[in-house]
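Structure first, then comments.
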Amino acid sequence: MRTCDTSSNFNGLGMNARIVSVFVLLAVSAFGSFFPLLANKWRFIRLPSRVLALIKQFGTGVILATAYIHLLGEAQTSLTSPCLGGVWEDYSWSSAICLMGTFTMFSIEIFVQHLVNRKHRKALAKEDRTENDLHVYFDNDSKEEYQVQQRSRSVGSGALARAVSQVPSVPSIAQASIVHGSLGVEEESKRDESKKGEEALKKLTSLFLLEFGIVFHSVFVGLSLAIAGEEFNTLFVAISFHQFFEGIGLASRFATTSWPPNMRMVPWIFSTLYSLTTPVGIAVGLGVRHFYLDNSTGTLIVVGVFDSFCAGLLIYNCLVELMAPDFLVEMQHSSGKTLVTSYMLLVTGTAVMALIGKWA
């Protein structure tokens, strides 16, 4: 393994600008990640659902470019650095670790889907038992009514009067029907709530891993900005756009997701975490500016491995959970104009974020 340069890139200049960058990026990240949520909640800035759906496609493109250009691209740079050498030169580790991230996401998806399906089967079995009990109850009532009618044919009018008195009255039959109907409505309501909860669990898992992949990367973005040398100004501007568009991409997904009542705060928590990570990374970087070496072997390996793994998570998430359902399922019956507009916004978001990757 080759020896890497042990000197810090920090040149001691522009300290005030670096401190200001903490608050600027906090504001930019918060604006990008909270605006779609607020636009979906507050009437005076509420955007039509169609506009939010289009913003969502732009955001999907941003996330896709983040995975390929900002995460996987930077991971390849780190893990192929001449500072490493040795085993890191003999294999395409960034691609292999990215593949591990993809399979990890796929395995989690299978596991969650299995749990959801098993829970759903148990709920259906319970419903079937309830319905069978109700059928037995009402079938017994019908049988008793038939027996009364048979007895009334075989006996005289006096016996008929006694038999008729045993037949359930119209109000009681109606009441039984109402009970049966209300139980059916109640079971249907429970089934709908259960289905929404299961869908929310799958969606929550997907969004959590999406958030994890982006947030983890944002910490390293903040660290690199804090100790940047002469390129600080250029990097600062590029990262500002990076954080804004990435926040839009995440929050547009949060805003267009139907959250169950007990999870309504989750998107706000996710947006808050995203807003804080890069500023926190900058603050930490400034604190360790004389000790943090972005070209040391340890830093290159840690950043390269985590960027590769997170890239695998985001690539799977973006292609399987975001793009495929949107374009191949939800837009199946959409007009050609809507489909083309959504596709162009997807491409635009990808292109914009890929371009920003030249500097950040």
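Each position is counted from 1, following the chain as shown.
Cβ from N, Cα, C; glycine included.
A quick note: this is a predicted structure, and the numbers were derived from the prediction, not measured.
Annotated in TrEMBL:
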TRANSMEM  19-39  transmembrane segment
TRANSMEM  51-71  transmembrane segment
TRANSMEM  91-112  transmembrane segment
TRANSMEM  204-229  transmembrane segment
TRANSMEM  268-292  transmembrane segment
TRANSMEM  298-319  transmembrane segment
TRANSMEM  340-359  transmembrane segment
Hey, which of 51-71, 91-112, 268-292, 298-319, 340-359 has the most Cβ-Cβ pairs under 8 Å against the transmembrane segment (19-39)? 268-292
Two-stretch contact, the transmembrane segment (340-359) and the transmembrane segment (91-112), at least three Cβ pairs under 8 Å: no
Return the stretch with the most CB pairs under 8 A relative to the transmembrane segment (51-71), choosing among 91-112, 268-292, 298-319. 298-319
